[in-house]
Every structure is written in structure tokens, then in C-alpha cells.
Amino acid sequence: MDPSLNTELNASSCSSSSSSAIRALQMELKRLQASPVEGFTVTCDDENIFKWTVAIFGPPGTIYQGGYFKAQLSFPDNYPSSPPTIRFLTDILHPNIYEDGNVCLSLLDQPVDDLHSGELPSERWSPIQNVRNILLSVISLLCEPQTSVPANMDASANYLKWKDAGETENEYAKIIRNQVISSKKGAEKDNITVPETDEEYREFYSNLEQKNKVADEKTKEEMMEQLKKLGDMCLRPFGLSTNNFQMVPQPGGGFSIQMKK
């Protein structure tokens with residue numbers, strides 16, 4: 001085979017894979033904004049949909065309660081065939097978080113058979129997984145660290161000592177409480193009031209869902225206005241405008257555009 005042809009085929013394959021990933025991420029982002037996951041807010045880089053910023057609220061009833069921790073989700077070009085990575089940008093001490101902020105989570109491991117990992121294939125990533133499941137798994141780790149496979153050995157050992165001592169104040173707890181206090185500066189900068197109780201959580205996400213709906217409707221209105229302007233420009237040479245047409249609901253769903261009688 002001509003080497004240049006092989007290069008073109010590879011480029012075409014990569015482009016197709018990237019396009020599929022973009023569509024998948026756009027759909028997931030829309031779903032998350034329409035129905036947010038409690039404990040998180042998600043935003044996407046306007047110039048790169050493969051980079052998401054996640055703001056994580058410390059779960060009520062845990063040592064992380066009241067915290068506002070930023071993390072970055074980085075998606076590969078072939079998502080969802082391969083998993084993303086998630087790395088905390090805010091300092092956080094946790095048995096399952098490496099010192100560089102990367103999260104150790106079975107769900108984010110490549111879907112390959114590894115007899116020495118101690119993980120079942122069903123615990124690893126598969127294309128049917130999604131961002132919502134990742135976020136819920138991170139919340140689960142904050143509520144109950146997995147010490148059988150720690151990413152931070154010292155944090156894991158100190159966490160177990162803290163648990164064995166009845167969760168009394170010690171150096172481990174002090175570090176995390178100071179991190180929680182420090183993280184609130186980020187919340188103030190983002191103009192966010194961090195929910196700390198279950199009731200505050202419900203109120204926060206009810207308001208957030210409503211704000212997203214309003215923003216979505218505004219975006220739709222702006223798009224329709226732009227389409228109307230474009231349509232008027234195209235129809236003007238024929239002595240027509242978009243006012244001469246109407247959208248008619250169809251029995252099977254959707255709409256058709258028909259000229260007004």
C-alpha cells in the first residue's frame with residue numbers, strides 16, 4: 001500500500017473517532033446541565049470540549065463538608081471507547097487521590113484483562129459508562145475511601161488511624177479541615193455559596209436546574225433569530241420572508257415548514 005494512502009486512512013479514522021467523541025460529549029454535557037448531579041457543577045472549555053472543569057462540593061456529614069474542590073476531566077479523542085482522566089486542581093488529602101491530584105478509580109482504568117490488578121473486568125471502564133457515573137463514583141470515594149488499593153499510602157494509613165480513634169481530631173483531620181477552609185476562597189471567587197446540608201443541596205440544584213432551563217431557552221431564541229435573519233436574506237429575492245411560512249407539528253413527532261395559506 002502507498003504509505004501516503006495509509007497516512008490518509010489513519011488521519012480519516014482519527015477524524016471520525018474525534019467527531020464521534022465530540023458528539024458524545026455534547027450530548028452528555030447537555031444531559032448534565034438539564035439534570036445536574038448533586039455535589040457537582042460542570043463547565044466546558046469554550047475552545048476545547050475535551051477539557052471540562054468540575055467543581056466538587058464536600059458531601060454533608062463527611063470531613064470534606066463545606067469544601068469546594070476544583071478538578072479537570074480530560075477526554076481522549078476516542079471517547080467513550082477509552083476513559084477520561086480526572087485530576088484535582090485544588091489541594092485535597094485523600095487515600096485514593098495521588099499527590100499530583102490524579103484520582104485512582106477502577107472505573108477509569110483501561111478495559112483490558114489484568115489478572116494481577118485484583119479488579120474484575122466489570123469494574124473497569126466500558127463504552128456504556130458516562131461522566132455521571134464517574135462523578136457519582138468520586139462522591140462515593142469522598143464519603144468512603146477505598147483503602148485496599150490506596151493511591152496515597154500515607155493518607156490511607158492516617159485515615160485508618162483516624163477511623164480507629166473514633167474520628168477524633170488528629171493531624172490527618174486538621175490538614176483536611178484546613179484544605180476545606182482554603183478551598184472556600186475559590187467558591188467566593190466563583191460567586192458560589194457551597195451547600196453544606198441535604199436541604200441546601202436540594203435548594204441549590206433546584207435553582208441550578210431552573211437557571212439552566214432559562215439559559216437553554218435564551219440560546220434557542222437567539223439561534224431562531226439568527227436563522228430567521230438568514231432565511232429572510234435568502235427569500236428576499238423571491239419577494240418572500242420567513243413570515244410567509246409556519247412550522248406545523250407532525251403526527252410522528254417533529255415539525256415541517258409549510259407556506260401559510
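Every residue number used here counts from 1 along the chain in the order it is shown.
Cβ from N, Cα, C; glycine included.
What TrEMBL annotates here:
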ACT_SITE  CYS104  active site, glycyl thioester intermediate
DOMAIN    20-185  domain 'UBC core'
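Look at the residue listed as 'active site, glycyl thioester intermediate': DSSP puts it in coil. Counting every protein chain shown, the number of other Cβ atoms lying within 10 Å of the Cβ of CYS104 (active site, glycyl thioester intermediate) is 17.
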